[in-house]
Amino acid sequence: MPLIIVVAGIALLLLLTIKIKLNTFVSLIIVSIAVAIASGMDLSKVVTSVESGLGGTLGHIGLIFGFGVMLGRLLADAGGAQRIALTMLNYFGKNKLDWAVVCSAFIVGIALFFEVGLILLVPILFAIAREAKISPMFMCVPMLSGLLVAHGFLPPHPGPTVIAREYGADVGLVLIYGIIVGIPTFILCGPVLNKFCQRIIPDAFKKEGNIASLGATRRFSESEMPGFGISFLTAMLPVILMAVVTIIQMTHAKSAADSGLFYNVILFLGNSTIAMLISLLFAIYTMGLGRGKTIPDLMDSCGKAIAGIAGLLLIIGGGGAFKQVLIDSGVGQYISTLVSGMDINPILMAWGVAAFLRICLGSATVAAISTAGLVIPLLAVHPNTNLALITLATGAGSCICSHVNDASFWMIKDFFGLTTKETLLSWTLMSTLLSISGLIFILLASLVL
């Protein structure tokens with residue numbers, strides 16, 4: 001019965017969002033309440049469960065997400081992201097544009113959320129394509145693979161950040177393992193897959209794209225952009241801070257001496273929220289004050305960045321409410337009991353649930369957060385599971401098979417002037433391979449970590 005309730009809840013969510021076209025956040029709250037009631041939860045506890053799920057999720061991610069999106073906006077508005085992309089392209093040269101693009105997208109993607117990175121990088125690709133006299137499609141798949149790996153695997157992106165907290169995983173470890181697993185994944189799904197796509201959809205690689213669909217975009221001159229070194233450091237500072245502290249924790253056993261002021265300061269600086277705040281303040285100087293911009297101008301950019309994610313924050317909160325209802329209603333525990341005797345690898349379980357929800361719901365973030373509600377009870381049966389790898393497996397599963405119920409599918413189709421079939425055989429194929437290959441690399445990592 002609980003399984004039927006979950007499936008019915010997902011079906012209701014699809015009906016509300018796709019057929020009736022109700023707002024996704026409102027739909028998630030309605031479905032959360034419906035699933036709670038159908039599961040037999042005491043009516044007096046339904047609203048409390050929804051509120052605690054929403055508040056608990058946003059309470060953690062709100063600061064990280066807010067600081068992160070402001071940092072990304074400052075980097076983009078100063079031309080830092082464009083500098084990173086162009087430097088990588090110049091370094092690799094015309095013959096290895098796909099390698100340059102995938103590396104640039106991954107670096108930029110750490111600081112910028114998927115849709116923002118896409119809108120920022122596409123005009124740069126079109127300009128390079130014109131100069132190189134090639135179709136921008138030659139760089140499409142590599143760019144998307146770099147952005148998607150960062151989006152699905154790495155904090156401070158919303159999915160990995162929220163599920164790391166829900167599972168109790170160390171965010172720094174998720175970052176380190178995510179980079180280790182992510183690099184071979186985006187290489188396979190970027191430059192390597194790109195060659196295959198050229199053979200199966202050759203006509204797509206003759207198209208000039210649809211740059212007009214992006215509207216007005218700004219392209220910085222050479223003198224307007226900051227240097228590569230400072231741009232790279234600004235984008236990567238959150239990663240550096242969290243990774244360094246995590247490595248210190250891993251290599252130094254905590255003793256009585258470690259509990260002193262120095263050790264506590266290190267832990268404080270490595271906290272994901274503090275690391276993002278420090279990085280934001282650093283960006284305000286390197287991408288703003290140090291380049292002659294005023295505080296009002298910088299705060300205007302930050303304000304616009306926050307305004308742009310208000311809807312997304314609510315959707316993430318709605319996903320958190322759904323997750324909490326699955327836990328509080330006992331549905332997650334029921335599924336855990338059901339599969340506990342099957343000896344299923346929890347990494348495979350997390351990936352499979354996230355993949356199923358992603359295909360049904362379209363949103364990678366909502367799929368990842370909802371997965372936690374079903375997987376958390378299972379972790380009690382497998383207490384020695386590497387929680388960072390469970391987080392990555394959930395993220396990898398949430399990346400699979402982006403198709404017609406995902407807004408990104410239509411954005412990519414429109415930007416590059418593709419047919420639906422061509423989009424399925426490029427973007428959808430890439431996201432599916434990325435999810436599966438990511439899972440394989442995570443399973444390999446679990447053998448040694």
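Each Cβ is built from the backbone N, Cα and C atoms, and glycine gets one as well.
Record features (Swiss-Prot):
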type: TRANSMEM; residues: 2-22; note: transmembrane segment
type: TRANSMEM; residues: 24-44; note: transmembrane segment
type: TRANSMEM; residues: 52-72; note: transmembrane segment
type: TRANSMEM; residues: 106-126; note: transmembrane segment
type: TRANSMEM; residues: 134-154; note: transmembrane segment
type: TRANSMEM; residues: 173-193; note: transmembrane segment
type: TRANSMEM; residues: 228-248; note: transmembrane segment
type: TRANSMEM; residues: 265-285; note: transmembrane segment
type: TRANSMEM; residues: 302-322; note: transmembrane segment
type: TRANSMEM; residues: 337-357; note: transmembrane segment
type: TRANSMEM; residues: 361-381; note: transmembrane segment
type: TRANSMEM; residues: 429-449; note: transmembrane segment
Worksheet item: What stretch in 228-248, 265-285, 302-322, 429-449 has the biggest tally of Cβ pairs under 8 Å against the transmembrane segment (337-357)?
Response: 429-449
Worksheet item: Would the transmembrane segment (134-154) count as touching the transmembrane segment (52-72), if touching means at least three Cβ pairs under 8 Å and pairs must be 6 or more apart in sequence?
Response: no
Worksheet item: Is it the case that the transmembrane segment (265-285) and the transmembrane segment (106-126) have 3 or more CB pairs under 8 Å, with pairs at least 6 apart in sequence?
Response: no
Worksheet item: Taking a Cβ cut-off under 8 Å, which residues six or more beyond the ends of the transmembrane segment (24-44) line up next to it in the same chain?
Response: 2, 5-6, 8-10, 12-13, 16-17, 50, 53, 311, 314-315, 317-319, 321-322, 324-326, 328-331, 363, 366
Discussion item. Can you work out whether the transmembrane segment (52-72) touches the transmembrane segment (429-449), with the criterion being 3+ CB pairs under 8 Å where the paired residues are 6 or more apart along the chain?
Written reply: no
Practice prompt. Report, as numbers and ranges, which residues of the same chain sit near the transmembrane segment (302-322): CB under 8 Å and 6 or more residues beyond its ends.
Written response: 9, 24-25, 27-29, 31-32, 35, 49-51, 53-58, 61-62, 65-66, 69-70, 72-74, 113, 158, 162, 363, 365-366, 369-370, 373
